[in-house]
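> I'd like to ask some things about the structure below.
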Amino acid sequence: MRVTSIVPVDKRKSKVFLDEDFAFVLYGGELRRYGISEGGQVSEELYRRIVEEVLNKRARERSLYLLQNSDKTESQVRKKLLEEGFPAAVTERTLEFLKHYRYVDDESLAKRYVESKSRVKSRRQMAWELCRKGMDGETVQEALKEGVPEREAISRLIRQKTGGKIPQAQEERRRLYGYLGRKGFSYEDIRSVLGDLEEENWE
């Protein structure tokens with residue numbers, strides 16, 4: 001494979017293109033160590049050496065650093081590694097390592113999220129937020145089974161918001177509907193729970 005170009009990323013790193021296609025990112029010292037220069041050749045054996053000796057290790061270290069302060073989904077880690085110039089094969093191998101040792105565990109992360117948020121968010125809002133993090137639909141739906149029932153969540157939020165007294169003024173009720181609606185709860189469920197609470201005649 002011919003080194004068609006070497007493009008600086010910053011003062012220390014450069015993107016290497018082989019046969020016109022982006023291949024990987026290396027530091028200046030690594031370019032010199034492996035004898036990579038524009039117009040030169042990179043054999044299959046040399047490419048494998050770079051992957052094994054440099055890229056696999058670097059991708060693992062980078063991914064573990066990313067996971068230090070907050071859990072991330074498989075999709076989020078994949079996106080970040082690819083954005084930083086790691087080859088797709090290296091990225092997937094790194095993800096296998098992370099999943100094997102449970103540094104990345106979408107099922108567990110989804111269940112913990114639902115457990116902590118289902119008292120204040122609707123199933124629809126939680127599903128949207130989990131899918132936005134890159135989780136697949138099956139994992140999301142399975143996690144949602146563990147959450148607090150929506151009617152219970154609505155009732156809890158109404159009590160918290162109103163201090164135990166349902167508003168009768170139209171404007172106050174409109175604001176309450178808006179507050180719950182923004183959390184993803186349906187108009188029908190909100191109305192039904194409000195009706196039940198009014199029948200209880202709690203004040």
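Any Cβ shown, glycine's included, is placed from N, Cα and C.
Caution: TrEMBL annotation is automatic and unverified by curators.
Found this in TrEMBL, in case it helps:
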- 59-98: domain 'RecX first three-helical' (DOMAIN)
- 105-144: domain 'RecX second three-helical' (DOMAIN)
- 151-194: domain 'RecX third three-helical' (DOMAIN)
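Just tell me what is around each of these and how deep it sits.
In the domain 'RecX first three-helical' (59-98), the DSSP tally of helix, strand and coil residues is 29 helix, 0 strand, 11 coil.
With a cut-off of 8 Å between Cβ atoms, the residues of this chain six or more beyond the domain 'RecX second three-helical' (105-144) that come close are 71-76, 78-79, 99, 150, 153, 156-157, 183-186.
Listed by sequence, the residues of this chain that lie at least six past the ends of the domain 'RecX third three-helical' (151-194) yet keep a Cβ under 8 A from its Cβ atoms are 118-126, 128, 202-203.
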